[in-house]
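Q: Before I ask anything, let me first share the structure, which is written out below as structure tokens.
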Amino acid sequence: MSFYIGREASKIRKRICTESGIEINLLSEKWKYILGGLIFQYIHGFAARGVHYIHRPGRTLQDVGFFLLPWTFHPFIFKIKKIYTVLIWCRVLAFLAACQFLRIITFYSTQLPGPNYHCREGSKLATLPPPNSVLEVLLINFPWGMLYGCGDLIFSSHMIFSLIFVRTYHKYGARRFIKLCAWLAVIAQSFLIVASRKHYTVDVVVAWYTVNLVVFFVDKQLPELPDRTSAALILPLSKDSKAKEENHKFLNANSGDPAEWV
């Protein structure tokens with residue numbers, strides 16, 4: 001028994017080392033894309049904070065979702081691995097940047113009166129006084145500025161993140177049950193966002209077709225992720241063919257038969 005445990009522990013250690021080596025190699029090549037995507041997350045937060053300065057509370061707009069959904073909600077390593085973490089995050093960040101760029105243009109074009117409780121007339125949080133310094137603007141009052149923002153409505157940022165993550169897992173994930181649960185969750189989230197008055201219904205509806213269209217077209221422009229069967233193209237070069245075969249076995253968690261490298 002102890003021999004079996006020791007052998008399995010050795011396999012796990014070797015698998016972790018092999019996977020880590022591959023991901024580090026990929027990160028050394030793709031770090032600019034990862035960094036660019038992360039920087040754009042800040043730009044998006046900066047823009048959302050900026051629109052709060054020009055937000056003016058007003059009468060809440062008529063919204064069919066508000067009539068249908070009463071205010072009852074308050075703000076509130078698997079073994080088999082099909083994709084490489086660095087590459088999938090490059091893809092996800094590209095989707096996020098494209099959608100958020102369109103979102104920034106949209107909510108700066110027209111500022112709607114926020115439907116949330118802290119964005120309504122009479123709330124001290126509905127408007128922001130002029131900033132006292134450039135630093136105050138750059139720091140975007142994180143995280144409170146993100147939680148109590150007003151004016152960045154069309155289209156929903158919650159839906160951007162949810163739809164991108166769900167679509168990505170739907171394409172590259174391996175568990176059908178998780179895919180089903182993810183889609184049901186994002187559908188339920190659509191109703192909860194409106195019910196909690198985080199957004200107008202139009203913000204959620206526009207997000208559904210905009211995000212899906214953006215992901216569809218951006219995905220067509222990006223190179224397809226390499227299959228695990230092509231791991232030899234990413235693994236460090238080795239003259240020992242037996243070592244290569246062992247690496248494949250650990251990466252794919254199967255036998256040494258090349259036909260099973262999936």
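Every residue, even glycine, has its Cβ placed from backbone N, Cα and C.
From TrEMBL, for reference:
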TRANSMEM  83-105  transmembrane segment
TRANSMEM  145-165  transmembrane segment
DOMAIN    149-217  domain 'Sphingomyelin synthase-like'
TRANSMEM  177-194  transmembrane segment
TRANSMEM  200-218  transmembrane segment
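Each of the listed features needs to be described in terms of its position in the shown structure.
A: For the transmembrane segment (145-165), the residues of the chain that approach it from at least six positions outside its boundaries are 44-45, 47-49, 51-52, 54-55, 57, 92, 95-96, 99-100, 103, 106-107, 110-112, 114, 116, 118-119, 125-127, 182, 185-186, 189-190, 193, 198-200, 202-204, 206-208, 210-212, 215, judged by C-beta separation under 8 angstroms.
The residues of the domain 'Sphingomyelin synthase-like' (149-217), classed with DSSP into helix (H, G, I), strand (E, B) and coil, number 53 helix, 0 strand, 16 coil.
Within its own chain, the transmembrane segment (200-218) is flanked in space by residues 61, 63-66, 94-95, 98-99, 102, 112, 115, 153-156, 159-160, 163-164, 167, 190, 193-194, which lie at least six positions past its ends and keep a Cβ under 8 Å from the stretch.
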Q: Let me know the model's mean pLDDT on the domain 'Sphingomyelin synthase-like' (149-217).
A: 92
